[in-house]
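Trainee: Here it is, the structure, as structure tokens.
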Amino acid sequence: MSDAPEILFVCPTGEYAAEVTAAATDGTAVVQQVDTGSGALDVLATHSPSCVVIDGEPPDMTSSELVETIRATTDDVSISAFVHENDTAFSTLITPDDRDLARYETILDTVNDGIYQFDPAGRFVELNDAVAEITGYARSELLGEHISIMLDESDVAKGESLIQELLESDERDVATMDMTVHTADGEEIPCENRLSVIQTDGEFRGTVGVVRDISERAHRKAQLKQERDLRERLLETSPVGIVVIDEAGTVARANDRASEILGVPKDALTEQSHSNTEWNVFDESGEPIPGSSYPASRVFETGEPVYDWEAEMERPDGSTVWLSFNGAPLFDAEGNVERVILVIEDVTQQKQRERQLHQQTAFVEGIFNAVPDPMYTFNGSGRMIRWNEGFTEATGYSDDEVEGMHALSFVPDEDEEKITDAISRVIQDKEVQNVESALVRKDGTHVPHEFSGGPVLDDDGNVTALTGVGRDVTDRIERERQIADQRDELEELHRINAVIRDIDQRLIQATSREAAEQAVCDRLAAADAYQFATIGSYDDEFASFVVRARAGVDDSVPHERSAMDDFESPPGEAAIRTGDVQVVRDGHSEASAESDQNASVARSFESVASIPITYEDTTYGVLSVYSDRASAFDDRERAVLAELGETLGHVITTIQQEKRERILTALQDATRELIHADSKAEVSERVVDAASDVLDATGVGIFLFDPDERALTPTATTDRLRELYGDWEATLGADESAAWTTFLDGSTVVYGDLDAELDQFSDTDARSGLFAPLGDHGVFVALSAERRAFDDDITRVLDLFAATAEATLDRVEGDRELRAHDRKLQKRNRQLTHLKGINDIIRELDQSIIHASTRQEIEREVCDRLAQYDQFEFVWIGKPDWGTDRIEPRAWAGNEQGYLDAIPLDIDGSNTLPTAETLETESVTYVADPATRLRDDPWRTEALKRDYQAVVSVPLVYGDINYGALTVYTADPTTLDEMSRAVIEELGETIGHAINAIKTRRGILSDQAVELELEVYDEGVFHHLAASLDAEIEVTDLVPETEGHTTAFFTVEGVTADEVHHAASTFVNISDVTLLSADDDRLRFRASVTGQTVPNTVIEYGARPQQISVDATRTTVVVELPSETNVRPFIEKLKDHYESVELVARRDRTEGGQSHAEFTEEFERTLTDRQLEVLKTAYSSGFFESPKEQTGTEIAESLDITQPTFNHHLRVAQRKLLRALLGER
């Protein structure tokens, strides 16, 4: 037997058993747990624990009953009851035993509900942590505080009232109240407070209680209430009856609708059994249904739901209704059917409609089978859903084939639209519609029918299907056709005569042949008797029929077709040949149409008549009239049409005569008007306007020759010409175009079939054209959309137009040249006067310069003399100081006004001052308008302040020596025209020579030069060749050629000639390698090199190579520059071009007499490029060696010239060399 418990824990759920045990046990106490009130009393009967803890409501008695029983049967035991959601009472009796105090406090702090003790004044004496958590206050903050800290006055008053009731009552120990706790954060929390008073010896010592947060419980109660209300509302408002039957078979609940359907009052209904025998229930056949078969009985028996159970029920008042039942089970915890829910619906009306529908179906079925004509019904999708035997007989389809076919499958494509419209009207208007259409049988034959159809409506009046009947109307249509044919024959002649009279009136109003022909076609095509009409003519040369006018024919149909393609003897050709009307009918109609017009005409026809258009001995074409009547064009109709052809021929003759007269009159008027034209453009415009006025639909234009573009330029054209010309070019160049050919040949050309004769017009609408030359001025062009539009008369008239235009253009050109010559003479006179002034100054300067003894004297004299000229504002000379990269002003004169102090004088590549640019580029710098780019270039602003409107700066150079720049400013830009600038540039050269002469006389110039030794890392052709040979190459000479080629002469040692040829063949930049000589181990070659090389580059940058050697790692170059050359820019240029450039040494060389470089440069200036090339190549090729290493023939072949040419250039070069060495002979 176990030890006696010190704590008895009554816990029905066991939820807090572990926590209480852990909190109350210190390692020595014994805790015993029971889950019922009777179990707790059994323990107390044999043991006396120190404390009884009750957690929740026991299942066999209330917690209050258990507490009262323990108190009545047991002494000296402490009882604590913790209340949960289902508690109904609370009691706590505390035995003041100090021995158990600590243990009780531990239990209080462990439970989840708030426990507190107040003194008699309502102040906190004790509380557990749960109270602090609920209120948000710390435990220490509440101790000693009045209850009003967290309750409002109403709740405090309610609590005080309850305490008073407990004190006065002998029966109640515990009171319960709901209250709102105000937390420290200001939040309001709904709580339940169960309290009890503490009395000792009848004295009130305070209260104890338990506080529980009931927020969640309150929320759940509200939800449950809302759900109950919702269920009740749904139950009472449901359109169907709802009945709940309990396991005893009694109706436990029913809504109003169920009471109404069953015919039993609601209160009486809930007292009856679901299988009440007073309810008579019958099946479809009228047999009674036993109660055991009712839906509720079946659900109780099987546990399965029952759906759509229908029966007829006799209600207590004797009326009968058809009801539909659905039943579903509700199970208890053990899975047994506890209740059944029945849903009842009154389907009496539905049953009545079903019977009516059955009767209607039988009636319709009888009608369908009785009618011999085809009857049918199809749904909203057009699918066939019902038809009779007459329908299958009329269509030839079987029932299986008709099923699922679409209604429109039985009508031809051309009738689908009107059938669809009729169906739409039936659906929209809900009325019967009648329509005629062919019925398409299975074999493809069409049988004419008249169909009558109407809507099939549901109870709501909506169209659910369409039904109809058809009737064969073949006989009726045939009778109607015969009557119509007789009537048409009687009326046809009258209509034709009316058409001819109308055509006569239109021909009187026609002003052109085109209008007359089109009027005839339009009126005939508009007549009911005919379908369409064309007018054209046969071209014997091209064997084609050309249509000029047509009506009733689609514009997409081509205008011509071969006359012989489809018919052996076309009626149009026969009509022209015989002069009589030709008619073709029946089987030949299609072929004739293809011959005379086009087979792609969309309309069919039964007959065609071809009428010749003639007057006297002239035939103008053929009129073709097409009819859909096989009986058309009888003898009387032919006679009328033949007369129409003669009338049209007479009208055309008259119109053409009037047209020629108008053209001649217009030509005379234009000739008079051209007298006043004073420009080629005006002449062109007047000629084009006059020609277009009389040529109607013809496009005309004049193309004048532009000598700068070397092409014909459209000067005056009509819009019609641009439309006919096709893709329009700004100019007509020297190609095979008709205009250009006419301009070169000088003869008028007429094309009758333009698109066939010239590819240029194959994709255009132009069909004929005339091109007439206007002498050296250009070409007159006329284009027409008609073939053979330019007959002999029109051609002669247009030739007259062109000749008149040419004569007028000659006159305008002469006048223009005279005026231009006068302006040129005036300008030339002004220029000569200006140049004379400048030349006078320069002649004076030439004398002064000759006698000048110093450079300063020359510079001062030049500035003073030029500044005295009234056209120049300011003149100055500046010299470059390459050590400081600045300009040193040497001399100035004129209106300077501090200009030189205000402008930048740097030479750094960014200074746009004209003097700086000239010093850097050693070329003339001219600025015509300093007013541009004022913000970018400060010197321009300073120039404008002093009214400098133009400036030119020229270099003062001699050979490669730059002595400075002469800069002239003027207030009149015209003063510095091209000729004036050339004179000033020449003056600069003179000054450079003069300064050089003074230096020579004074011994200052003694071949001073700068020699540079450079090492360049180059990935060029010589570098790769040296690396391939693993030898050093010395380049001895270079001869530049055209197109990027250079002839190079080089030597190499330590390798064989074959090795050199093999290595060179692997590089695409080296070709034509030729061995020139082999001295011991030293080989000399000539080769053609493409691309940039180091020698080429240094020459390009102004240096003269003295020695060039190349190995696998670097290129060593010794070059010579004039002494006054700025070395740094030269090296910087090389660095821009090559990865590595190193200056190894710089040597200033001074020798007496002229340097080799200067002599060479001066001599080379006397040679042409070809003479220098021949001389260098001959020398480098060993031509002057004895014996010759290469002959003149071999060298000439390498230069791609003849040997006589080689000899001539070589002799001239040698003579110039000897003259340079020995002087004139």
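Glycine is no exception: its Cβ is also placed from the backbone N, Cα and C atoms.
What you are looking at is a predicted structure, and each value in this text was computed from that prediction instead of being measured.
According to TrEMBL:
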- 100-170: domain 'PAS' (DOMAIN)
- 175-226: domain 'PAC' (DOMAIN)
- 227-273: domain 'PAS' (DOMAIN)
- 307-359: domain 'PAC' (DOMAIN)
- 360-430: domain 'PAS' (DOMAIN)
- 433-485: domain 'PAC' (DOMAIN)
Trainee: Quick one: DSSP breakdown of the domain 'PAS' (360-430) into helix, strand and coil?
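Mentor: Grouping H, G, I as helix and E, B as strand yields 43 helix, 11 strand, 17 coil.
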Trainee: Give, as a single whole number between 0 and 100, the mean pLDDT over the domain 'PAS' (360-430).
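Mentor: That stretch averages a pLDDT of 87.
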Trainee: Per DSSP, what is the residue count of the domain 'PAC' (307-359) in each of helix, strand and coil?
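Mentor: Counting residues per DSSP class in the domain 'PAC' (307-359), I get 12 helix, 30 strand, 11 coil.
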Trainee: Run through the domain 'PAS' (100-170) and tell me, per DSSP, how many residues are helix, strand and coil.
Mentor: 41 helix, 11 strand, 19 coil
Trainee: Run through the domain 'PAC' (433-485) and tell me, per DSSP, how many residues are helix, strand and coil.
Mentor: 12 helix, 30 strand, 11 coil
